[in-house]
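Asker: Sharing a structure here in structure tokens format.
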Amino acid sequence: MPGAVSDGGENHNGSDIGGSRVPSHCDMDSTSYRVSFPPKKSLFKEFSGAVKDLFFAGDDPLRQYKEQPSWSKRAWLSLKHLFPVLEWGRHYTLGKFKGDFIAGLTIASLCIPQDIGYSKLAHLPPEIGLYGSFVPPLIYPLLGTSRDLAMGPMAVVSLLLGSLLQNEIDPKKNPLDYKRLAFTATFFAGITQAALGFFRLGFIIEYLSHAAIIGFMGGAAIIIALQQLKGFLGIKDFTNNTDIISVMKSIFKSAHHGWNWQTILIAASFLGFLLATRHIGKKKKKLFWMSATAPLISVIVSTFFVYITRADKHGVAVVKNIEKGINPPSASLIYFSGPFMLKGFKIGVEAGLIALTEAIAVGRTFAGMKDYKLDGNKEMMALGTMNVVGSLTSCYVTTGGFARSAVNSMAGCKTAASNIVMSTVVLLTLLFLTPLFKYTPNAILSSIIISAVLGLIDYEAAYHIWKVDKLDFLVCLGAFLGVVFSSVEYGLLLRVAISIAKILLQATRPKTALLGNLPRTTIYRNIEQYPYVTTVPGMVIVQVDSAIYFTSSNYVKERILRWLEEEEERQRQQNFPQIEFLIVELSSVADIDTSGIHALEELFRALEKRKIQLILANPGPRVIQKLQSAKFIELIGEDKISLTVGDAVKKFAPKAVDDV
């Protein structure tokens, strides 16, 4: 029926429903409506809603269980929630296995030489690096939700762990105690990660911004690469410090007598080979296998070369013995009491958070590329369980790194089962092939690590951050310089401190803007963004762009008054009438606390002395509810609350609207 709405409740001329007139389509405009007050919530509902938003992102975690009619189905849902493998495993096919098998073999060829090298970064025996790619990758597919993450020791975590552990125990003088502390740190790293997942505290790592991560990773990559010059140049006496000044001093001091030309020849030749294959793999995606298998090829060729030439007799340092066999149990080696337990806890928390940040950042990247969901809290539980079990089986902290995960993805992995294939290959290596690494030169391991960590220096991302947000770039630069000129630990602390400082700055200094009218419209926009807007004579319109809490309430009040003074002066110079109204646009203010309300009361009184009326436009539900509870609405008058800025201008300055 023309002119009638779908529910039949009004006709063309409008009708009365429940005693109040409902505007028709013809006469309906925003001035027909008033700001609504949401229903009041009890303290329990307020608190439970806040908790749900914090820990469950507003979702009801029990929703899926309520929909199930029987306890057996609820139990099955619980098992699938704890073990995602029960979900994707039901749909596993031979075609998927083929993809996972090829990917697993490919990343195994990459991880075996890397693991040996990364264990040297952590000052641990080479076999412990291999242990980390055997047991933990068997645990992750049971609990993890990423299809692409490849687990194992990582360069940055290895460097961080090595630098923190050697500050407590000398790995050369007390190798057993050093290993015990490493396993203790790994245990507590896993406990930290699992606890964050269990209590759904994943939002904590969000305090580490993308810019800070880019800077930290770039700085760590440079330090790792510089430290590898010890093996690259064949230097025997080298500093234990990680800052760039100490490392460069150590390199130049040994320049005249400590460098070995045979070592440099091996390292430089294979580094060129590794970088060339990496470049080819980047340019031609189908040839990614060349960069993936290049490290293992380099190890095989260089080992054979050293063996037939007996270069180890001419100063070329080699790996020597890698202990044969699978991971021995290490539960009895973990410190569960005493001062070393506390030291292990401290180191473990730091290493665990770094490992967690890297894995989740990498996992989210690939999940976004392939359009599937990554559950952050389940990832934390998976990584935590993986590291706890790893600490009991002679592993140090493992995580999912970008390089091998990228290879895993490009090799065609379909599920996390590619980790199981990789683990099987590492198992066979530990059982049968470790004696073959006896003549592997340390120089080739240094070349492999250097080529791997160069990918962590994302200068394109840093340049993009510089172009987009200069403050974010300072965060990135601060984290970078902290690692390069101090240490990985202080770089981590600086990165967290700068990220928090940025949050505090934004919380205490929210943006405000002066609004003007877009000509021939009822739209009001920021005068800096739209310089052609016109101000309304006798009015000042200010927009606040974030919540008004105790940290920012006084600043917001002072900034609004400053806008008012500046606009009064400008309008006076243009012979405009005296300002009578101040409109505060609140659509971007999600919340306000008692300090914020108190600041508005002070603003109202300051304006009252100047004979200027305060008008609030478009307050949100939480804001209007709190203003009503605090009786601020009664203070300024309910007629001073408008649905939009346009409504307020039309109501209090109708002549200005007529002139549009």
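The backbone N, Cα and C atoms fix where each Cβ goes, and this holds for glycine too.
No curator has checked TrEMBL annotations; they are predicted automatically.
Residues annotated as domain 'STAS' in TrEMBL: 529-652. Sequence annotations record features per position, and here TrEMBL assigns region 'Disordered' to 1-25. Summarising the annotation, TrEMBL assigns transmembrane segment to 181-199, 211-229, 259-276, 288-308, 380-403, 415-437, 443-461, 473-493.
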Asker: Assess whether the transmembrane segment (380-403) lies in contact with the transmembrane segment (181-199), where contact requires at least three Cβ pairs under 8 Å among residues 6 or more apart in sequence.
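Answerer: These two segments touch.
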Asker: By DSSP, what is the split of the domain 'STAS' (529-652) into helix, strand and coil residues?
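Answerer: Tallied per class, the domain 'STAS' (529-652) gives 62 helix, 21 strand, 41 coil.
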Asker: By Cβ distance under 8 Å, which residues at least 6 away from the ends of the transmembrane segment (415-437) in the same chain are close to it?
Answerer: 85, 88, 92, 96-97, 99-101, 103-105, 107-108, 111-112, 115-116, 126-127, 130-131, 133-135, 137-138, 140-141, 144, 146-147, 149-152, 299, 303, 319, 322-326, 408
Asker: Which stretch, 181-199, 211-229, 288-308, tops the Cβ pairs under 8 Å count with the transmembrane segment (473-493)?
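Answerer: Comparing 181-199, 211-229, 288-308: 211-229 has the most Cβ pairs near the transmembrane segment (473-493).
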Asker: Along the domain 'STAS' (529-652), what average pLDDT does this model show?
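Answerer: Mean pLDDT for the domain 'STAS' (529-652): 91.
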